[in-house]
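S.K.: Questions regarding the structure given below will be posed in turn.
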Amino acid sequence: MRPNIVTEAGIQTRVSQWWNAIPFLTSSVVVVCGLIYLICLLTGYDTFYEVCFLPSAILSRFQVYRFYTAILFHGSMLHVMFNMMALVPMGSELERIMGSVRLFYLTILLATTNAVLHLLIASLAGYNPFYQYDHLMNECAIGFSGILFSMIVIETSLSGVTSRSVFGLFNVPAKLYPWILLIAFQLLMTNVSLLGHLCGILSGFAYSYGLFNFLMPGSSFFSNIESASWMASCVRRPKFIMCTGGNPSSYMPTYSVQNTTSSGFSTGNAWRSLSSWLPQREASNQSSEDSRFPGRGRTLSGTARDLTPPAGETNPNLHARLLEDNTPDRLSDATVTGMPEPIPTTRQVPIANAAVLPQSQGRVGASEEQIQKLVAMGFERTQVEVALAAADDDLNVAVEILMSQQG
């Protein structure tokens, strides 16, 4: 009898697993912005006048470099932490879809279009003949939040959901979600650039509706960059995601290009599924899978198999079958396919008995008392039933299975 000891991974292990799951470009942006803020903090640099997005300086001195330096600098610890924590789930999801190089190109494109729109609106407001808003021309804006608002629009467009949650407090229609966030941040926080966030939303919608498609190169352009010798050190990184492993088109699905269905990912469940995301570094068969989520499914033993569930089979039964598929005393695959198969000599199970049990019933269910014990420990009932089925109703083994899944 194994001792009923439940152990949890330490904070250091959990942080390491979380960081290793973040793709190459997203983690690089977090490191660069964090280091820049740390250097500014140690050197006492807090004016940001030379690097911020300042419309008057750009027009009078043609300081175009401010388009890109402004997004890397942040004014406070809360500013940089909030932006980077918001970037991790959205940037990771988009990078796995597009690839690291393509997302880098998109980030530069969004930074440029955000800046151009910002400059255009500020100029119209500051130099119009009716009423001049001079403060918009002299507004010094910094931070990555403009890019984040563009990513929010793109992610909301791709998710296909009809409503989104605002800070977990209430739901709003998905189309209004970016605008609600814009108003909420403007009311809740001081020194927030309304025009910078607004331009991010406009750029995100322009991209989602395919207005930037002519600015996006083809896949061969990104493949040539990845194969260049000066990119070899980056490509060899385990977290680097090749563009060939992402969407085969030169841009992500948009309303005007591809009819996307609900992929079910959002900012909320992106955090919950972050540990299960793995970078895909090899080309996959696009004709038989969702092009937005490349990769090939494998069983726990690592052998490629057909994981398409039979008609009428529910997801819990499928999970139970996959778990049972890798236990030493599993039943024959005849219970799944209905086709006879040679039975291992280590355990003689008549084919007739295997065919009698329908897949919807499976093995004999665990007692309600055992299920309730594990549910009381904080595990979900569906996972408990699957784990007990895989452990032959051994409570201790089931606990180990459940803990390994959460780890």
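Residue positions begin at 1 at the first shown residue.
Keep in mind that glycine also has a Cβ here, set from the backbone N, Cα and C atoms.
So TrEMBL has the following annotated:
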- 21-45: transmembrane segment (TRANSMEM)
- 65-82: transmembrane segment (TRANSMEM)
- 103-124: transmembrane segment (TRANSMEM)
- 136-154: transmembrane segment (TRANSMEM)
- 166-188: transmembrane segment (TRANSMEM)
- 194-215: transmembrane segment (TRANSMEM)
- 281-318: region 'Disordered' (REGION)
- 365-405: domain 'UBA' (DOMAIN)
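Burial and contacts for the listed features, if you can.
M.R.: Residues of the same chain lying 6 or more positions beyond the ends of the transmembrane segment (103-124) and with a Cβ under 8 Å from any Cβ of it are 25, 29, 53, 55, 58-59, 66-68, 70-71, 91, 94-95, 136-137, 139, 141, 146-147, 150-151, 195-196, 198-200, 202-204, 206-207, 212, 215-217, 222.
Under 8 Å from some Cβ of the transmembrane segment (166-188) lie the Cβ atoms of residues 149, 152-153, 156, 159, 194, 197-198, 201, 204, 268, all in the same chain and six or more residues away from its ends.
Each residue in the domain 'UBA' (365-405) gets a DSSP state, and the totals come to 30 helix, 0 strand, 11 coil.
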S.K.: Tally Cβ pairs under 8 Å between the transmembrane segment (194-215) and each listed stretch (21-45, 65-82, 136-154), then give the stretch with the top tally.
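M.R.: Answer is 136-154, with the largest number of Cβ pairs below 8 Å.
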S.K.: Hey, which bits of the same chain come close to the transmembrane segment (65-82), Cβ under 8 Å, at least six residues off its ends?
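M.R.: For the transmembrane segment (65-82), the far contacts come to 32-34, 36-37, 40-41, 46, 48, 51-54, 57-58, 108, 111-112, 115, 141-144, 146-147, 191.
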S.K.: Which sequence-distant residues neighbour the transmembrane segment (21-45)? Criterion: at least 6 residues beyond either end, Cβ under 8 Å.
M.R.: 72-74, 77, 80, 83-84, 87-88, 91-92, 95-96, 100, 103-104, 107, 144, 234, 237, 239-241, 274-275, 277-279
